[in-house]
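Annotated region 'Disordered' per TrEMBL: 70-90, in sequence order. TrEMBL lists 99-106, 112-113, R149, 203-206, K214, 230-231, 274-275 with the feature substrate binding site. Taken from TrEMBL, the feature active site, tele-phosphohistidine intermediate covers H100. Look at TrEMBL and you will find E203 tagged as active site, proton donor/acceptor. Look at TrEMBL and you will find H273 tagged as site 'Transition state stabilizer'.
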Amino acid sequence: MAVTTFHQATGSIHTHGCRSSFGFQNGIRNYSVNMVSKGFGVDARLIARGNCCSGSCRLSVTRASSSHSSVADPVQIPSKNNSSDSKKKPHETALILIRHGESLWNEKNLFTGCVDVPLTQKGVEEAIEAGKRICNIPVDMIYTSSLIRAQMTAMLAMTQHRRKKVPIITHSESEQAQRWSQISSEETKKQSIPVIAAWQLNERMYGELQGLNKQETADRFGKEKVHEWRRSYDIPPPNGESLEMCAQRAVAYFEEQIEPQLLSGKNVMISAHGNSLRSIIMYLDKLTSQEVISLELSTGIPMLYIFRDGKFIRRGSPVGPSAAGVYAYTKSLALYRQKLDEMFH
């Protein structure tokens with residue numbers, strides 16, 4: 001699959017004599033696209049599964065955004081000249097990370113950890129909004145934790161996807177479970193997306209703190225001690241996991257199970273938790289143990305990476321705020337990320 005990244009703009013596409021893979025007819029449609037330069041006449045290269053189609057289209061720009069570029073799903077536009085297709089594009093795939101929407105215990109300010117709690121109404125809305133942001137990015141596989149709030153977020157997000165494929169959870173608990181969840185119809189495979197739930201992507205275990213109110217816990221044990229448990233890299237709460245311990249399982253799973261899928265050309269979405277995703281981002285962005293403890297992830301905000309030539313390139317949140325709205329930086333981390341961005345641009 002080829003991926004092209006440009007500066008993002010929102011406008012209206014006038015299609016002539018073509019029908020997209022999503023089924024809309026000729027006419028004027030609002031569509032978030034990437035453009036090479038300003039102006040009404042652009043030569044657009046849009047992404048298709050397995051190939052690219054080039055063509056001319058008229059773009060009436062109605063609103064520009066300073067957000068990072070995103071990967072777009074195909075809109076087929078007839079081309080008068082295919083000569084530009086002869087130039088081979090680098091092999092690229094998309095990786096989407098989403099922290100689940102607000103959970104019931106997030107709302108109550110309780111330590112949640114590995115306790116299985118559902119989304120609040122706000123969390124449901126955040127998941128749907130996340131789906132709108134990624135609706136044009138191809139998704140071939142979905143990985144979630146074994147916890148319902150992450151799975152709900154993935155399912156709700158995919159209801160907004162323009163390809164309208166059905167997420168189907170696969171099971172590996174036993175041979176019988178594998179047989180029961182196996183899809184044998186080739187036509188059904190084309191219309192569905194496999195969802196793999198893995199405990200390795202679970203939130204870190206908060207031990208004796210799980211279920212306790214965060215403010216009451218700080219009053220009881222002292223703010224400094226609770227801050228140490230929550231924000232240090234290698235100090236776990238009583239009978240719980242440190243971020244380092246969470247990172248060991250989450251990153252190992254990413255390297256062994258998810259990265260090979262990206263290498264094979266699959267576009268992957270991961271719906272998980274604050275600490276398991278922080279661990280993976282630490283690996284992707286090569287953050288130090290000191291830098292990662294300053295990293296905060298907003299609930300329900302997707303993060304896009306491009307996997308190209310064995311490297312992960314962060315593109316921020318698709319069709320939304322810049323990365324500063326997704327990551328809460330320390331000054332040193334902001335400078336660190338700026339240097340990396342300069343290297344990749």
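Even glycines carry a Cβ here, placed using N, Cα and C.
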Q) Of all the recorded positions given, namely G113, E203, R204, K214, H273, which is spatially nearest to the residue listed as 'active site, tele-phosphohistidine intermediate' at the Cα level? A) H273
Q. Just counting, how many other CB atoms are there within 10 A of the CB of G274 (substrate binding site)?
A. 19
(Q) Below 8 Å Cβ to Cβ and six or more residues apart, same chain only. Which residues does that give for H273 (site 'Transition state stabilizer')? (A) R99, H100, S145, L147, A150, L201, N202, E203, R204
Q. 10 Å Cβ neighbour count around H100 (active site, tele-phosphohistidine intermediate)?
A. 32
Q.
Using a 10 Å cut-off on Cβ-Cβ distances across all protein chains shown, tell me which of the recorded positions (R99, W105, E203, K214) has the largest neighbour count.
A. R99
Q.
Let's check the environment of R204 (substrate binding site): how many other CB atoms sit within 10 Å of its CB?
A. 25
Q | Local Cβ density at E102 (substrate binding site) - other Cβ atoms counted within 10 Å | A | 20
